[in-house]
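Pulled from TrEMBL, these are the features on record:
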- Arg51, Asp108, Glu109, Ser110, Lys150, Gly167, Asp168, His245, Ser246: substrate binding site (BINDING)
- His121, His146, Asp147, His219, His245, Asp278: Fe cation binding site (BINDING)
Amino acid sequence: MTILCEHPPAFGGVELEEKNIPVDHDKQENELVLDGGFVVPGTNSFGHTFRDYDIESERQKGVEEFYRKNHINQTYGFVKRMREEYGSLNRVEMSIWECCELLNEFTDESDPDLDEPQIEHLLQTAEAIRKDYPDEDWLHLTGLIHDLGKVLLHPSFGELPQWAVVGDTFPVGCAFSESIVHHKYFTENPDHNNSTYSSKYGVYSEGCGLDKVSMSWGHDDYMYLVARENKTTLPSSGLFIIRYHSFYALHREDAYRHLMNEEDIENLKWLKIFNKYDLYSKSKVRVDVEEVKPYYLSLIEKYFPAKLRW
């Protein structure tokens, strides 16, 4: 990893056939089946149902406090500043795999389903996709890299607070949907009382396309910028997955569809497929990193330059 400059901490049309994935509710352990298709576990690594934000636990209290900070501070102005600051990509020069290894230092405080280092989740996601969609190598690589933007937590990237890096994402500059988790905390967001930013369309127009919409700042949008500006050859559906994989209000609740265009609608099909692997592959089963590393290095070479600007 080559540090390019020092920065202080910043706070301010493919036809798809979706595969049916069985849920075995009789299994007592979470598992990732790598030799016979993907098995969706009934519970997460804590023994709870996935994305259950209401269950009483110490971790859930921390998750709710995370979302309180996130919903208060993610404003249209904040997102604009972060995009301007980080869009220059002048902090670090490193390869995709170096970035994967860098993420070993972090866990995601917003995630009620996972407390493992991020590299475990990346490989679990990628390998599960690889087994069910063996011919879609771009999707395997997307599974590996979708969370790499979480390096924003690292000192070399400004060591941003977790509320500015992880968690569910949502549009800013228009009304906050009630389908967003812990929606109640948006009442303390300054944009909530802005007549333009709190209207249905806000600063956007019907069918404008999600590429024209500013999303809450975090690892999704950052990794999207890194991939796009470094001239990746991933298809548009791969970039769509990277930027919107945490946009649960859209791909789980169908909110904000009034802002989508035709390309978004096509790419959403891939995102919904991807989401099953992103969410349900979180388990205690480990992937042999050295065994699968050569395959993913070959995909990185195919779709990315050797070194990227971050």
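The backbone N, Cα and C atoms fix where each Cβ goes, and this holds for glycine too.
Around the Cβ of His146 (Fe cation binding site), 26 further Cβ atoms fall within 10 Å across all displayed protein chains. Listed in sequence order, the residues Leu122, Thr125, Asp220, Ser246 complete the 8 Å Cβ shell around the Fe cation site centroid, once His121, His146, Asp147, His219, His245, Asp278 themselves are left out. Distance noted between the C-alpha atoms of His121 (Fe cation binding site) and Lys150 (substrate binding site) is 13 Å. For Ser246 (substrate binding site) paired with His146 (Fe cation binding site), the C-alpha to C-alpha distance reads 10 Å. Here the Cα atom of Asp278 (Fe cation binding site) is found 15 Å from that of Lys150 (substrate binding site). Here the Cα atom of Asp147 (Fe cation binding site) is found 13 Å from that of Asp168 (substrate binding site).
Around the Cβ of His245 (Fe cation binding site), the number of neighbouring Cβ atoms within 10 Å comes to 24. Less than 8 angstroms from the CB of His219 (Fe cation binding site) sit Asp147, Leu148, Gly149, Lys150, Val151, Leu152, Val165, Val166, Ser246, each of them six or more residues away in the same chain. The CA atom of His245 (Fe cation binding site) is located 9 Å away from the CA atom of Asp168 (substrate binding site). Cα to Cα, His146 (Fe cation binding site) and Asp168 (substrate binding site) are separated by 14 Å.
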